[in-house]
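Taken from Swiss-Prot as is:
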type: BINDING; residues: 66, 95, 124, 163, 185, 186, 187, 226, 227, 228, 229, 265, 292; note: substrate binding site
type: BINDING; residues: 269, 333; note: Zn(2+) binding site
type: BINDING; residues: 409, 412, 416; note: [4Fe-4S] cluster binding site
């Protein structure tokens, strides 16, 4: 069932009920949000094993994990392990960004084994197939691009990243203004090369209605990609980025008119003092459409630690109203992430999202922290580990560093503040 069309008719779908249960909400606000386009439930009608996830206003901040093969590393076994680790770490959605090996097989395996929404970037496969077929990405034919879109929709992909805002107009803005890092979006660069070589408009923009027909038929949500996202602090919030956002705002209107669910992607690399303004600008220009941000990374000098730079920016962005955070791993800017990089990226991004949910008073967020505080007050280590966002790491640290199972920890030892104050105040440990 098409989620937005059902919501317009006042029909509550099983997916809406699932989202309401998971969020601790009555179903009516979810129904209203889907109808208005401020909540998106990516759920391809052909998916059989999907646990519906809601993204948008009033809901818990969601986290996406990117996985995928590359031309240098295309082993499916690694891919499967990374998927399992991302899910175990708590990812709410997964994107298959594969560019190496059998792309159809890789995607179909993920869809068959992944219970959460799965997204793709169709231009990747279209570009790679054009290179294999003709020897050059710029030789890609427009019909072949849309054939890939429909093939992936038929497979059950729940949302597409589509760089429809990379237009001849936005490229002209970029060329006139100049940029330090130009275009860092891979999908945006594929389309830019094709457009400039062929001197033609972006097919996704020119034939946007054709794209909407496919998405409507399978209820694939559109994630309007930010091909002009800044790739460094110096390029943040420049004319090219804002020009693309203006176009994306117009495309949001067209998606909603057609009954296609839509959310909007955002930067990128952004200084701390510009993040809130970027979120407010997107929400204003895109009429409350859910905002999906990559980071944003708040400095460019921390390769190896970009899961931290992204978590800092992600917390601020989500606090300001961003709804969906794409994880960044420690391997960002350095290479394909390992299994451990994937786990660390998901956990760091979940921490950022939860920190924002505390501010936004998302149901259950403050209660989680309060339960942890009570467990700490009671020196209840098992409960603390159970409540930790990463129980595995918490247990390992505690076991390794407190082998004698002292009531406190090895940081303070017998001078544990919780223990001492409890004794002086005559309080017993409280069970949480």
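Placed from the backbone N, Cα and C atoms, the Cβ positions cover glycine too.
Shown on the structure are the features that Swiss-Prot records.
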residue : record                        : Cβ within 10 Å
66      : substrate binding site        : 22
124     : substrate binding site        : 20
185     : substrate binding site        : 23
187     : substrate binding site        : 23
227     : substrate binding site        : 31
229     : substrate binding site        : 26
269     : Zn(2+) binding site           : 25
292     : substrate binding site        : 27
333     : Zn(2+) binding site           : 14
416     : [4Fe-4S] cluster binding site : 17
For residue 292 (substrate binding site), the one of 269, 333, 416 that lies nearest, given that the binding-site residues are compared by Cα: 269
Local backbone state of residue 229 (substrate binding site), from DSSP in three classes: coil
For residue 416 ([4Fe-4S] cluster binding site), the one of 185, 187, 227, 333 that lies nearest, given that the binding-site residues are compared by Cα: 333
Secondary-structure category, per DSSP, in which residue 124 (substrate binding site) falls: helix
Pairwise CA distance, residue 333 (Zn(2+) binding site) versus residue 185 (substrate binding site), rounded so that it is a whole Å: 13
Structural state of residue 66 (substrate binding site), classified by DSSP into three states: strand
